[in-house]
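Peer 1: To start, I am sharing the structure in question, which I have written as structure tokens.
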Amino acid sequence: MAELEGLEFGKSDFVLLDEVTMEQFMENLKLRFEKGRIYTYIGEVVVSVNPYRQMDIYGKDTIDAYRGRELYENPPHLYAVSDAAYKAMKRRAKDTCIVISGESGAGKTEASKYIMQYIAAITNPSQRAEVESVKNVLLKSNCVLEAFGNAKTNRNDNSSRFGKYMDINFNFNGDPTGGHINNYLLEKSRVVQQQDGERNFHSFYQLLRGGSDEMLESFHLQNDAAAYIYTREGAAATTSNNDRSSHKAVMNALGVIGFSEEEISSIYQILASILLLGNIQFESDGENVQVLGQEAVKHISELTSTDPDSVTKSLLFRTVATGGGEVIEKGHSEQDACFGRDAFAKALYERLFGWIVSRINSIIEVKDYNPVLHGKNTVIGVLDIYGFEIFDNNSFEQFCINYCNEKLQQLFIELILQQEQGEYQREGITWQHIDYFNNQIIVDLVEQPHKGIISILDEACLSVGKVTDTVCLDSMDTKLSQHPHYTSRKLSPTDKTMDFQKHFRIRHYAGDVTYSVEGFLDKNKDLLFQDFKRLMYNSSNPVLKEMWPDGQLSITEVTKRPLTAATLFKNSIVALVDKLACKEPYYVRCIKPNEMKSPVLLDDARCQHQVAYLGLLENVMVRRAGFAYRQPYARFLQRYKMTCEYTWPNHLMGSDREAVEAIVTQHGFQDDVAYGHTKLFVRTPRSLFSLEQERAALIPILVLFLQKVWRGALARSRCRRMRAVYTIMGVYKRFKVKAHFWEVERRFAGVRTTADYGKSVDWPTPPAALSQFHNITVMLHRRWWARQIVKNIPPSDMLEVRAKVSALTALSGERKDWGVGRAWERDYLANVRDSPQTSSGFIRVSKELKNKDEFSQILFSGSCRKVNRFNRSTDRSLVVTDKYIYKLEPKKQYKVLKKVPLDSFTGVSVTSGVDQMVALHTSSQDDVLLCLQRGELSPNQDRVGELVGSLVDHFTRVRKVPFPVKVCRSALQLHMRGKPKSVTVETRAGQTVADFKKSRDGFILLVPAN
């Protein structure tokens, strides 16, 4: 915890200093820097000192340590203020912003990256793919914007040369759903000129040093930054950045963000065009100006997908429309051509950068958002903008940058100092006023209408005739001569640090800055000939065409005069300040310890100057005298009323203030609060944290109680609905049952008198409750129908009917033809029509057998082809009686060859075809294999079914034992003399009668083809 941090590290919060003096402040700052503690609090403001080295304080363990913790629970860190902003956004549904300020090289860009890294790490714990995609784009966008918007300066190897404000949108769960990036005042003059020891934007060097040989060759470039005028100054400059690895990272980031291959190629084609454009030189023969070397022009036209002649014409001529609508071409002087070339290069890069930002915005914007469905959309803003700059030569860009910092300092003064003290006075809180410097006077010096420097610059740009920078400086000296924060050599003739007709000085809050007025008007006008705009708009590259929509205007079309660069920048900064002012701010104040980028040196004078102009001492004083937290009574009561028995669920006191006093008194920190007219003020975060802890402990209990009550209400409601449903279902079921009975009664009313006794009547579909009853009823009707049919059958036919029923049951529909449609004669050997030659002889023999063996009846008799014990097939006669089965020799007056008791037979096997093969199985595993032969009664009769039916009926009805029947679809299996045999059926052309043939594992029954 912060207060447990050892004394050897100094005070973790400047508010804890014994005395608020610059000496003690610097002593504490220096001690913590030397001990590796680069972060220190001023209440909720984080003071960050650039360590100029890698520090192991940003890993996953550190993120976990700060996740969801209060500010004072851990040592000071960027993650703590990031978590505080996130909690405020999530708990109170308030938009928040983190403002990172400090001069160039103080570590603002790195701080913004760590803040983004922390927010990405603590959100989306469920790893939803769409949220992870948004986080990846937000993180990768930093890499791309750094490459195209940052450069090495003499003060900083990775200096932001543009301002960036990023809004991150969150849903009600606290997960990022999108974002938006605003960029401010890209320093495009760096494209064509850099100060000694500085570099152009990183993107150029990354392309030249990291691009593949194939890429550079396709862009007509060589791997040498010194070969191009625009990058020559920085070619030899040393930097801590690795251009080769950075180029790979940027290419990967562009792909992850969602740029297409064509778009990425177009981006680098534009960079190559700018480099080639810078190498174009002009020569004049006194009258006309020519381009030296047309090869570069051809390469530029190829890269920009334009016509080479149009490129040359845009570089050498300017198309002008006269008042009468006439169009003339005015040739450039050599100086104008160089000016136009550089202006074109700067505009190309500026449009490219703006397009990249807008393209990223189109990808990360919140899509399909509906507040009703998705809840409140809250925002955390992160501002990383260029710091205060004082160079040897300060120009228009430094003027704008320092004006921006004045505006942000004014916002800090208003929110932290002015509004703080004003609120205490309004609420009647006892307060000791603290003096501070209000820089409003400097802001007015720059932006005041009609009197400010920007207004004077605009007026000079709009004047007719030749107005120079010197004339503009004279006008400023005249109008601002009495301003205490403005001076020039003309107003201070003895100050030899400034030159006549060149310099003016502004006394900024951060120190005095001398500006060179040279180029101010040209940069403010931001002039670009319309020919270049039309050239790019007519490009066949859709990406390039999209960047130049203003190129579609015709030459003679009159347009409104565009706003100047300074006015555009002022308007964007005013809008930014308004946007920040409506959010709850959190501040990171960055300090640059030294100019040598040393990780061990802290320059006292340098740091004191920054502490002074950042107003950090005044911030400490206000914080020590003030209160860390304030909230309207109603809102405080709404959040914490469950922690007090007198206010939960609703209080009965005279006012909300009395209820709040009850809460404070019950928790015992009445000495740590002050009561305003409408708000409660809490001095230290610890008191608020104790309330938050108790609230967090009570919330689950309350939630469980509410869930219990609500679940009970839902259960009772469901129970009532279910009872009603069951009542309705019961009545409906009874109706359906009655309706079914009525329908059955109607359909079967006259079935006794119909010919088929109701067999053809369709049964109505029963309700589900009567399905079993319906099946039983249908079965009863079938039995009744069968009884009616059977009653009409003569007793002499009953034996045949029973046999057919037995055959139907036994064969189970597996044998298609089994003779059900004909009359069954049973005793075919005694039938004169079937055996006219031998029937009389068989009748005599059968009588003798009947008298001898005393059987009652012949169940079946007929001729067959049988396999004997020598595995040969012969013609035999088969007689099945109720006691024995006989094998007779028909050629020897039906001599009995074998007699087997019927009890020894255990079953029968047949095939599923039309063949007449039968295997009678015995208990001794000496089965009988035969093929029934048809007599003269009908040559195509199937007698297998008749034999099977007779046997099954006799065994089941007379002997009361089952007689198994097996229908084989393939080979028929049996045993002969104990050995297993397999019998198959084959159709053979030319075969006249069925006959058996021996095979390897049994027999084959050969049957005729038809």
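Any Cβ shown, glycine's included, is placed from N, Cα and C.
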Peer 1: Of 343-365, 573-595, 688-710, which span is tagged region 'Actin-binding' by TrEMBL?
Peer 2: 573-595
Peer 1: Long-range neighbours only, meaning 6 or more apart in sequence with Cβ under 8 Å: which ones does K108 (ATP binding site) have?
Peer 2: I100, S101, G102, S160, D384, I385, G387, V588, C590
Peer 1: So what's the average pLDDT for the domain 'TH1' (813-1009)?
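Peer 2: Mean model confidence (pLDDT) across the domain 'TH1' (813-1009) is 90.
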Peer 1: Output the one of S104, T109 that, of all these binding-site residues, has the highest number of other Cβ atoms within 10 Å of its Cβ.
Peer 2: T109
Peer 1: For G107 (ATP binding site), what is the tally of other C-beta atoms lying within 10 angstroms of its C-beta?
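Peer 2: 24, counting other Cβ atoms within 10 Å of G107 (ATP binding site).
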Peer 1: Among all the protein chains here, how many other CB atoms are within 10 A of the CB of G102 (ATP binding site)?
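Peer 2: Taking all protein chains shown, G102 (ATP binding site) has 23 Cβ neighbours within 10 Å.
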Peer 1: For the region 'Actin-binding' (573-595), what are the DSSP-based totals of helix, strand and coil residues?
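Peer 2: The breakdown for the region 'Actin-binding' (573-595) reads 9 helix, 8 strand, 6 coil.
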Peer 1: Residues with Cβ closer than 8 Å to the Cβ of G105 (ATP binding site), same chain and 6+ apart in sequence?
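Peer 2: Correct list: N50, T153, R155, N156, S159, G387, K592, K597.
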